[in-house]
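**Student:** Quick one: the structure is below, questions incoming.
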Amino acid sequence: LHCKMIVKDVSAATMFDVLHDSRYRKKWDVTMQESFDIARLSANADVGYYSWRCPIPLKNRDVVTLRSWQITDDEYIMVNFSVKHPKFPPRSNLVRAVSIQTGYYIKATGPNSCIFTYLSQADPKGSLPKWVVNKASQVLAPKVMKSVHKAGQEYSNWKSQNSPDLKPWLHPEQNTLPMMDPAELSIQRADSLENVDESSKLDANEGEDSS
């Protein structure tokens, strides 16, 4: 999955802040169920948990990912992939999905404009028919891009009233997360997770949804 958006009214730095700011995410991410940072591995890498609501009749999903980021003069890069964390195993009421590799690339094109690119290779797990996964991706990805853009337009105003100087993703000395040894983590491979059968629930909708 590859999406690109030309943003003419928000800076690259602000779009990057929006992706990082977990407190602000609660304001704009309507599908989010739960999200929190677990630990940091270095000044520009951490581990986090994220769960989201899926349309009925599907079960909701969650992921545990290792995220790292890099900033140059006019470029902002963030990538993540799924990991196994000993204290956050799969939950019985959620399907553990897998981010094989997901990334954001933000390139400044001016003081208040940028090109925002989203790349994702993921496995939602469960035994969903391929058409469901493909259709959901085609619909959801542009929606996510638009949501992040709108969030970017409103971020400066929100941030000015909510700890305006607190940006631990830019200032590591502000980070209060516990340090973690990367050796405690291992890569989460899709084939080691259970496939929850959801296909039967979709049969009734397949005719109308696939048209």
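Each Cβ is built from the backbone N, Cα and C atoms, and glycine gets one as well.
Per TrEMBL, the features are:
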type	residues	note
DOMAIN	1-157	domain 'START'
REGION	155-179	region 'Disordered'
COMPBIAS	155-164	compositional bias 'Polar residues'
REGION	191-211	region 'Disordered'
**Student:** Kindly report the helix/strand/coil residue split of the region 'Disordered' (155-179) according to DSSP, in that order.
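**Tutor:** Looking at the region 'Disordered' (155-179) with DSSP, the answer is 8 helix, 1 strand, 16 coil.
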**Student:** For the domain 'START' (1-157), what's the mean pLDDT in this predicted model?
**Tutor:** 90
